[in-house]
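Here is what TrEMBL says about this protein:
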{"type": "ACT_SITE", "residues": "ASP204", "note": "active site, proton donor/acceptor"}
{"type": "BINDING", "residues": "GLU18, ASN154, ASP204", "note": "divalent metal cation binding site"}
{"type": "BINDING", "residues": "ARG101, ASN103, GLU121", "note": "substrate binding site"}
{"type": "DOMAIN", "residues": "16-264", "note": "domain 'SMP-30/Gluconolactonase/LRE-like region'"}
Amino acid sequence: MSSVRIECVAREGHGIGESPVWDEQEGALLCVDIPGGKVCRWSPLSGRLQAIPVGAPVSSVALRKSGGYVITLGTRFAALKWEEELVTTITQVDKDKANTRFNDGKVDPAGRYFAGTMAEETRPAMLERHQGSLYTLFPDLSVVKHFDQVDISNGLDWSLDHRTFFYIDSLSYSVDAFDYDLQTGKIGNRRSIYKMEKEESIPDGMCIDTEGKLWVACYDGGRVIRLDPETGKRLQTVKLPVDKTTSCCFGGKDYSEMYVTSASFGMDKESLSRQPQAGGIFKITGLGVKGVPPYPFAG
């Protein structure tokens with residue numbers, strides 16, 4: 001096992017840093033600060049974190065084949081042109097609910113943007129339950145709702161053979177799998193593949209590596225864990241110097257670096273003084289595995 005190294009590369013102190021995505025073209029890491037209403041881009045070359053305010057809680061960002069990015073903003077799917085700092089609405093969901101917002105989102109191997117909603121939190125992980133749904137934005141800009149009764153729609157990814165969709169509804173404390181039809185984007189046959197241990201706390205964002213193993217960020221658990229979706233066994237735990245680890249992705253030149261976002265939302269002064277890097281972005285090297293490049297939205 002190579003030696004694992006953890007470094008805080010951006011200390012900006014996001015309220016809720018989320019949705020890290022490697023932008024190969026820019027050689028930079030994208031992410032969002034949900035309550036800060038900002039889409040961020042961190043360059044390892046300059047060490048600079050640029051941020052574009054988008055005027056509402058922004059919960060995920062994805063690459064777009066035609067250029068720019070797509071984001072989930074409030075209850076809207078929207079397009080973001082980075083240079084112009086221009087946001088345009090694509091479509092809106094949950095129109096019958098005044099109190100929901102999007103949470104995590106990710107693009108599937110066919111270029112569809114999957115993202116789910118949740119009720120607004122009163123405090124971290126405190127919210128009206130069963131208010132969320134899981135949606136897909138198709139390349140023709142139509143939207144399909146897969147199911148509702150979701151608490152906190154969170155981490156998502158696809159198996160290497162594209163036949164399984166992995167998904168987290170955080171307050172179920174479970175990592176779930178669905179059968180996946182790449183041709184249609186349909187999902188079915190939901191089952192739990194891993195139940196969180198008590199010290200791992202709340203499952204949040206997730207990504208897959210080139211060996212087909214899942215990495216899950218544990219909110220309030222201060223760690224990312226590596227799981228085998230076939231056996232349901234935990235293979236590895238990497239602890240971080242902050243408790244509220246929110247999501248993870250692979251990036252860097254050969255996708256051998258892992259980036260982990262974190263949150264400071266809901267922490268008091270004493271907690272923040274104990275964890276001054278809360279809300280920062282962390283880089284983990286020496287894991288000995290590589291990740292899968294992100295798919296761009298095809299619409």
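Cβ from N, Cα, C; glycine included.
Long-range Cβ contacts of GLU18 (divalent metal cation binding site) within its own chain (separation 6+, distance under 8 Å): CYS31, VAL32, ASP33, ILE34, SER59, SER60, ASN103, ASP104, GLY205, THR246, SER247, THR261, ALA263. Note: the substrate site is recorded as ARG101, ASN103, GLU121; in the same chain, ILE34, PRO57, SER59, THR100, PHE102, THR117, MET118, ALA119, GLU120, LEU127, ILE152 also have Cβ atoms within 8 Å of that site's Cβ centroid.
The closest partner of ASN154 (divalent metal cation binding site) among the recorded positions, by CA position, is ASP204; the full candidate set was ARG101, GLU121, ASP204.
For the binding-site residues shown (ASN103, ASN154), fewest C-beta neighbours within 10 angstroms: ASN103. Here substrate is bound by ARG101, ASN103, GLU121 per the record. The longest Cα to Cα distance in that group is 11 Å.
Neighbour density at the Cβ, taken as the number of other Cβ atoms within 10 Å, is lowest among the recorded positions ARG101, GLU121, ASP204 for GLU121. Distance between Cα atoms for ARG101 (substrate binding site) and ASP204 (active site, proton donor/acceptor): 16 Å, as a whole number.
Distance from the CA of ASP204 (active site, proton donor/acceptor) to the CA of GLU121 (substrate binding site) is 15 Å.
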